[in-house]
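Database features (Swiss-Prot):
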type     : residues : note
SIGNAL   : 1-34     : signal peptide
DOMAIN   : 35-142   : domain 'Ig-like V-type 1'
CARBOHYD : Asn73    : N-linked glycosylation site
CARBOHYD : Asn103   : N-linked glycosylation site
CARBOHYD : Asn110   : N-linked glycosylation site
CARBOHYD : Asn133   : N-linked glycosylation site
DOMAIN   : 155-262  : domain 'Ig-like V-type 2'
CARBOHYD : Asn207   : N-linked glycosylation site
CARBOHYD : Asn224   : N-linked glycosylation site
CARBOHYD : Asn231   : N-linked glycosylation site
DOMAIN   : 275-382  : domain 'Ig-like V-type 3'
CARBOHYD : Asn327   : N-linked glycosylation site
CARBOHYD : Asn344   : N-linked glycosylation site
CARBOHYD : Asn351   : N-linked glycosylation site
DOMAIN   : 393-500  : domain 'Ig-like V-type 4'
CARBOHYD : Asn462   : N-linked glycosylation site
DOMAIN   : 509-616  : domain 'Ig-like V-type 5'
CARBOHYD : Asn585   : N-linked glycosylation site
Amino acid sequence: MELSSVLPCKRCTPWRGLLLTASLLTCWLLPTTAQVSIESLPPQVVEGENVLLHVDNLPENLIAFVWYKGLTNMSLGVALYSLTYNVTVTGPVHSGRETLYSNGSLWIQNVTQKDTGFYTLRTISNHGEIVSNTSLHLHVYFSTLTCGRAATSAQLSIESVPTSISKGESALLLAHNLPENLRAIFWYKGAIVFKDLEVARYVIGTNSSVPGPAHSGRETMYSNGSLLLQNVTRNDAGFYTLKTLSTDLKTEIAYVQLQVDTCFMSYAGPPTSAQLTVESAPTSVAEGASVLLLVHNLPENLRAIFWYKGVILFKDLEVARYVIGTNSSVLGPAHSGRETMYSNGSLLLQNVTRNDAGFYTLRTLSTDLKAKVVHVQLQVNTSSCCDPLTPALLTIDPVPRHAAKGESVLLQVRNLPEDLRMFIWFKSVYTSQIFKIAEYSRAINYVFRGPAHSGRETVYTNGSLLLQDATEKDTGLYTLQIIYRNFKIETAHVQVSVHTCVHPSTTGQLVIESVPPNVVEGGDVLLLVHNMPENLQSFSWYKGVAIVNRHEISRNIIASNRSTLGPAHSGRETIYSNGSLLLHNATEEDNGLYTLWTVNRHSETQGIHVHIHIYKPVAQPFIRVTESSVRVKSSVVLTCLSADTGTSIQWLFNNQNLRLTQRMSLSQTKCQLSIDPVRREDAGEYRCEVSNPVSSKTSLPVSLDVIIE
């Protein structure tokens, strides 16, 4: 009969019985030395975030391990895990937000200031001996969003923690916003969902994980969808794909890139087989700045090099190609005029916009017609930061900006008001009942489907709308209507573009293109019309979406080639015979929707809308610092303040992009930079750059002096 290592205790809860055993063992036995280590992932955690206290080198032949809050007080137990019975027993200070894993790690969700403090892991052997006591101090930072409101998102996403690791270390691919009502979760090595590339799957019904063909024995999959990779090698670098399958058989997919730092290889000798890789320099770029997609280890004997926007090798998504034989580059359909391709394969993007964010694919073709493909993700910092007195504007961003047929599109809502009664999504610029997709009531926390709901839309409580399996018919303008508690109404519009790999001119579909897509105040914008219908009797332009006389800009009669100016004509509009409209000297008042209305000879009508985005050049920001002279090991906070909204923030140190260390942290809106603790090398000049899609400005320098005691 097996002898229990837990002392009997009448009228004790399971936790107290286990606690009594552990307490007595503390008196009887001295802990032995064990190389158990605990790492906080991420190293800095802000209120409301999640943190994993990741355990390495957990001893073998254990009967149990216990986590408790503090250094010595065993009564502050969080949870105990029995390896014998594979069961978790929660302790007195368990808040309901902690999850204990069989590898010893502790997961804390939605952390608060009360979670700050020491955490201790104690391991107990099969003989009842204490094997190790290991402690870690967790510091939860106050949310520093006073300079701007963070955008919320219900989109499935993955965070690599840490963002870049060295060979032999561990990485956690942390899943955020996992959908509800899941059937299974899958991880794949690469950017393609293919059975042979499956690392592991987690089946909700059986609460178990199953390794796949691509499992190396070093991956651990958790019930929250996260994937832990231990003892990573440079072969682990690259893209990983997370796929979720819900009970209604709907799927969602998210990608993450694992970066393995192999710089030490130069000291140990070159690798036996150089791997083709692409590096984004810098890793995150502000709008208006430039970024280089730097290619490493380009193969020899090449015939051509190709760059594509996205992860799919479609001709319409080709940015540029470089032909080795002619030593020349050829521009592709997806070239925006801001890309420069070099003979070493690298691609330079200038004046980056939020539309440039996403994946890019490099394809090489050798003289023996062998191809290699590698992906890189471009991260564009579009976080807004503004003066705390400036209200945050309700905005909607389509993610991705241009979707391929069959992909999913998230209409991501930012700055949803708190005091709302309900919100409604419409598949049109008109807020009519027949165009209603769904209505969300905050009072009862319920979504009502409307007549325009196709069965592919999912509405989230943060206002965002997910459109799955997009088709050509989903292209167009969508309207979000907000109804406040005082019954005030606010609306916002967003354009959804679904690529069908066919140019609009071949479809005969009437479309309008804004040239340029983002307009600086005082500049000109052309609303360029494609595929104007034949046999027209007349066409009219309106400011807004309502076809009423007071909003009419101009009416053109085809037969008489005569134009009539309407009440909404400002004197700055020019109408061309092909239907296009040129707006001179644009102002902020010109921002918004415009409607082209056509009537043919059979009195059949057609209307189409376009949105003009007009931006003011940003004003120069300034930096506020808590102290300009600080002592070593103290802390300092720098805040970038701007009078503009809808801007991106980039921090500069000594005229170079600031490289964040583990001692530095940014607020979610990038407005505040915290350094804790301060070191001597932090002394120097700090600047912040504020940018929007049409301009950027840099603050005057602020000098930080570090006093060495």
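Yeah, the Cβs are placed from backbone N, Cα and C, and that goes for glycine too.
Count of Cβ pairs under 8 Å against the domain 'Ig-like V-type 3' (275-382): among 35-142, 155-262, 393-500, 509-616, the largest is for 155-262. For the pair Asn344 (N-linked glycosylation site) and Asn207 (N-linked glycosylation site), the Cα-Cα distance reads 49 Å.
For Asn207 (N-linked glycosylation site), the nearest neighbour among the listed glycosylation sites (Asn73, Asn351, Asn462, Asn585), judged by C-alpha distance, is Asn462. Proximity of Asn351 (N-linked glycosylation site) to non-local residues of its own chain (separation of 6 or more, Cβ distance below 8 Å) is seen for Gly288, Ala289, Ser290, Arg338, given in sequence order. Taking a C-beta cut-off of under 8 angstroms and a sequence separation of 6 or more, Asn231 (N-linked glycosylation site) has the following same-chain neighbours: Gly168, Glu169, Ser170, Arg218. In the three-state DSSP scheme, Asn133 (N-linked glycosylation site) falls into the strand class. Ranked by Cα separation from Asn133 (N-linked glycosylation site), the glycosylation sites Asn73, Asn110, Asn327, Asn585 are led by Asn73.
Take the Cα of Asn110 (N-linked glycosylation site) and measure to each of the glycosylation sites Asn103, Asn224, Asn462: the nearest one is Asn224. For Asn103 (N-linked glycosylation site), the Cβ neighbour count at a 10 Å cut-off comes to 15, with all displayed protein chains included.
On the 0 to 100 pLDDT scale, the domain 'Ig-like V-type 2' (155-262) averages 83 in this prediction.
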